[in-house]
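A.B. asks: What TrEMBL shows for this protein is this:
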type     : residues : note
TRANSMEM : 41-65    : transmembrane segment
TRANSMEM : 72-91    : transmembrane segment
TRANSMEM : 111-127  : transmembrane segment
TRANSMEM : 139-161  : transmembrane segment
TRANSMEM : 192-215  : transmembrane segment
TRANSMEM : 240-263  : transmembrane segment
TRANSMEM : 270-290  : transmembrane segment
TRANSMEM : 425-451  : transmembrane segment
TRANSMEM : 458-478  : transmembrane segment
Amino acid sequence: MIVKIESEASMTDKLKKTLFWFIILQPLLDLDFLYRGKMATILPFTIPTIVRILGVLALAVLFAATRPKIKAWIWIYAGALVLYGGIHLWHMTSFKGIAGATYGYSTFGELFYLFRMVLPLVLIYVTQAVADEDLILRGLAIVSGLFSGTIVISNLFAVSLKSYETGTISGNIFTWFMGPLYGYSHSASKGFFYFTNTLSAILLMLAPIVFYLLIKKFSWKTALLALSQTLAMLEVGTKVALYGLLASLVVTLVLWLVHVWLLKNESFSWRPLVAMVAMLGIFAICYKVSPAVQRYEYEIYWAKSHDSSIARENALLARGLKKYQNSPAKLAAFEKDFLAKYYKKYALNKKFISKSYPYEKDPQFWIDMLNKPASYRLANRKVEQAMLDRVVEYNDSPLDKWLGIGYMRETNIFNLERDFVAQRYSLGIVGTVLYLVAYPAVIVCGGMAWLRRRERRTFYLSSLLFASCLILGASYMSGNVLDFPTSNLLLAFVDGGILAYIKKKAKR
């Protein structure tokens, strides 16, 4: 009996260590070069994807060794996922695209996506069973240091990759204060990481944890980590990171003071307060010259000036549409020719009009888009959703609402930058609920536990819940979070930490 207990304890310890190393490996698996050139095609899947699959499988095996009995609801949930997957793949076979377009669909690719979306769900379950406060905080602190430290140092030496274009930045954070030397696209930096939107959401989720550590465990190390986190969120150059930084600082500060003065389960200290105010000061100093604000101001200026600069093209379009209105073949030829010549003048994204939803196959859609104001045409998410709506309209299947049109199709048209909405198109309502319900459910569960039991009403749990809320908000605002392995696995780790903490407090 004693040997058995020691064996289980040893396996649990191995599981915790494996989980820790798997989590801190995530920033390294998000390096840009791993998704480019030969590194991306040397194997059937990218190297990071293979490592992540093997990592989660290893965690699952170790977990099974420590927990031989699997609860009935897990089998029911797994059965529901398998049943949905089979029906979803069957529905994909009846799709019809305009002019025979398949939008890059493949059954294998779709099946692999469904499998990949299960990985964070497995990680939530494993984490909630073994994680403790120390494991969660150490893991997330190192992840923050790797992400933010890389961004800050590479920005300082102006070797960082651009957030919005290819190539490296032209100037570092100090050049922001030297006047308009470079546009926002030449100064926004993402370190050496792959996808800007995903990176911004991850930084946003990590911010409350970092500021919690600054307040709770104030030292030069946590202060340096908080400074690095603050600078990185300014330098990445997205609105999600910029305004998320402000929200993280203010709300974390308010949460702390609530726990100090109202709940009376935290102690007050001037040092972390001064440090938090200093971070707010850095934000205030950099705000106006930050790439995110510069981009926003440029887009407003461009949209206002652009509508008045296409009067000649609008007149030419109106004459052509009127001239050929009774000749469908000539009208289509005119529309295609006009779009080929003038799409740039109307600020249509070349990738959208030539690859995502080619104008040659449906010129009328893009002609209708020309009549939208420039602010609409510049809003990528609106155009992305309009393309998907058109595809769904043409397919004309009532099952699309429930089973989706497929991830492969949705992402090959263009990966809609608004999570939950994107999955509604790719997976349908049923798939969205099955694969994504766990994330908001953890917040609801954690929030209810926080409200019901005084011993669970801690600054730690408040910070984890806030972090989870922030990344889900970012996923809806900018997308590319819940489908992307780096972000959804880190979110799963946080959510697992929330459930583990609730269980721990319940046992006391």
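Yeah, the Cβs are placed from backbone N, Cα and C, and that goes for glycine too.
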A.B. asks: Would the transmembrane segment (41-65) and the transmembrane segment (240-263) count as touching if the test is at least 3 Cβ pairs under 8 Å, pairs 6 or more apart?
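C.D. replies: These two segments do not touch.
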A.B. asks: Of the listed stretches (72-91, 192-215, 270-290), which one yields the highest count of Cβ-Cβ distances below 8 Å with the transmembrane segment (458-478)?
C.D. replies: 192-215
A.B. asks: Of the listed stretches (72-91, 192-215, 270-290, 425-451), which one yields the highest count of Cβ-Cβ distances below 8 Å with the transmembrane segment (240-263)?
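C.D. replies: Comparing 72-91, 192-215, 270-290, 425-451: 192-215 has the most Cβ pairs near the transmembrane segment (240-263).
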A.B. asks: Counting only residues 6+ away from its ends, which parts of the chain sit with a Cβ under 8 Å from the transmembrane segment (425-451)?
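C.D. replies: Same-chain contacts beyond the flanks: 80-81, 84, 88, 117-118, 121, 124, 388, 392, 399-407, 409-411, 416, 419, 457, 461-462, 464-465, 468-469, 472, 482, 491, 495, 498-499, 502, 505-506.
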A.B. asks: Apart from its near flanks, which chain residues at least 6 from the ends of the transmembrane segment (192-215) lie with a Cβ under 8 angstroms of it?
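C.D. replies: Tertiary neighbours of the transmembrane segment (192-215) are 27, 30-35, 137, 140-141, 143-144, 147-148, 150-151, 154, 160-161, 163-164, 222-223, 225-226, 229, 232-233, 236-238, 240-241, 244-245, 248-249, 251-253, 256, 272, 275-276, 279, 417, 459-460, 463-464, 466-468, 470-471, 474-475, 478-481, 484, 486-487, 490-491, 494.
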